[in-house]
């Protein structure tokens, strides 16, 4: 005992008992040449990193797979990988994530990806799902845009057995040009280019060669990258003779590649363990390395180049590195189509039945929504399945990644979903007359975002809200956040809303902030129904019990007063107990929302992935006819637009779902005025998902 006490005193005196954080980043090299460059990298970084900063070390392995295992096990910390290896690194049990991405092009126009597209001649009449029996042109065997992506996406349509893959592809197309394929074993793959020459000197090799195969060699479709046709045909009139095949089995002009591509091919990425604190150290080293040893910075050592060989540690063609947003995992980095293509080829497992008969997997928030979804699933005879998530953004993420298929969102979250590549499919409609006359408008008429106060508070108005207590439906939601905070931002010109209001409840805001002070839980300030003040009714209850102003939809007060809400907090409330704040500084009764509102907002809308949109629309059209025939029929049986608590899965005041015109974009649905409002507050956004989804667009 005496020895233990003495040892502790000695430790304390010497400071040895304090854990010293490990600031060493161990880079993994896969060859002798890479390791030699890594050692030079290490030595040069010593001269430019601060004395108390991170340090670089090198670990040599013999393969990317060994490096991935070493990083996962803590023996190494980082390595740069191409997309296929990023996929492997992200899988369990490796669980690595991208922390930085190489970019190409220039500092002014950094490119972290290119797009794989399918080009066809204008005037032909087939779609992506009708390629069987056509003649195909590929950049080369095993290449991303020309083979991995198109064959991966077509994999489940290939005839069985699908091994060897080349044989299945040869049977699927009536003839092909696949440079580098074996002309003896698979002669049909070389039918359009005898010998399947594997050299850039061959006429049909590579991107330009695959397009020439389409143009001059008898092909029906060419799998290339989005810039290829612009390089070969600089004149628009010439390009207009060609079209792109889209994932949703439509066609678009070749200059609309952003809306019609097979997959995004991401740049090489630096990967690391998820959440052990090394990401910041890795980025600090890379940031300093670029500044001192990037393109054209130093003759002594070049980060993106080496006399020892090609593409050591980083690609020689890289112009620099960008930090990847913290929310981005390997799936968001690679994109759903890329992940699907690789997974199909690696695992060789295809779902039973086609996408046209598959159930729709709905994403539910919280236990209450999941309970309603499960009831819907049982009633739907297998047409609906359920997936759960803790937040709306988590649900959007799951839909993007194919773990779920659809959900209904307010405009603010529909904007985020749109930025993540999802599309609007059907709109909630709150006007029974336009349900019975669906042609009256292309899109259902929107609702009003309003600011509600207590009539007893005579001093409050739109211009003196500073220091008041605010109640919001949730961060990034339309009526409760984007519209009022966008208007506020244009006035105060900063994003410190938690300093503008004295207290508030804004579910989804930073925890321990004053804008979570008024929230009641049980999951305090959570952006779901586990926060009692979440949503329209929750924000109104917050006003009744604690707040000075609530930002909600125009129907909220009407739905919760004059006996329409029998909950203890609402049963005695009267409409005249509340007023609306008008932007001109006046007030009006809650029934005069048409002339006293902050803005008109788009109705909530069902979103899905492009390739799933048609199926979602078909299933929902049948489901709404089965499970909603009006309030009077909504007794005893499952009802789509009725909830045990407020607004589960859909708004309870929904009268029908209106099908949107095919190809409607989120920008078209939300409208220019609303997009401008969201744009105003974009710089204040705390959405990590939005940051991740726009990374490859920046």
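A Cβ is built for glycine as well, from the same backbone N, Cα and C atoms used for every other residue.
Quantities reported herein were computed from a predicted structural model and do not represent experimental measurements.
Marked as signal peptide by Swiss-Prot on the basis of experimental evidence: 1-19. As annotated by Swiss-Prot, domain 'Transferrin-like 1' applies to 25-347. Positions annotated as disulfide bond by Swiss-Prot: 28-67, 38-58, 137-213, 180-196, 190-198, 246-260, 373-386, 420-693, 471-542, 495-684, 505-519, 634-639 (among others). The dimethylated arginine annotation in Swiss-Prot covers 42. Residues or ranges marked as Fe(3+) 1 binding site by Swiss-Prot: 82, 114, 207, 268. The hydrogencarbonate 1 binding site feature in Swiss-Prot is assigned to 139, 143, 145, 146. The annotation domain 'Transferrin-like 2' is assigned in Swiss-Prot to 360-683 on the grounds of sequence analysis. Swiss-Prot lists 388, 685 with the feature phosphoserine, giving similarity to another entry as the kind of evidence. For 410, 447, 536, 604, the entry in Swiss-Prot reads Fe(3+) 2 binding site. What Swiss-Prot lists as hydrogencarbonate 2 binding site is 473, 477, 479, 480, and the listing cites sequence analysis. Here Swiss-Prot flags 512 as N-linked glycosylation site, drawing on sequence analysis.
The DSSP secondary structure for residue 410 (Fe(3+) 2 binding site) is coil. Same-chain neighbours of the hydrogencarbonate 1 site beyond 139, 143, 145, 146, judged by a C-beta within 8 angstroms of the site's C-beta center, are, in sequence order, 116, 138, 140, 144, 147, 148, 149, 206, 207, 210, 223, 224, 225.
There are 17 other Cβ atoms within 10 Å of the Cβ belonging to residue 42 (dimethylated arginine).
Less than 8 angstroms from the CB of residue 82 (Fe(3+) 1 binding site) sit 268, each of them six or more residues away in the same chain.
For residue 473 (hydrogencarbonate 2 binding site), the nearest of the recorded positions by C-alpha distance turns out to be 542; the candidates were 146, 542, 685. Comparing Cβ neighbour counts within 10 Å across the binding-site residues 207, 447, 536, the minimum falls on 207. Note on proximity: among 410, 479, 480, the binding-site residues of the record, the Cα nearest residue 196 (disulfide bond) is that of 410. Taken together, the residues in the domain 'Transferrin-like 2' (360-683) have a mean pLDDT of 92 on the 0 to 100 scale. A separation of roughly 38 Å, to the nearest angstrom, links the Cα atoms of residue 145 (hydrogencarbonate 1 binding site) and residue 477 (hydrogencarbonate 2 binding site).
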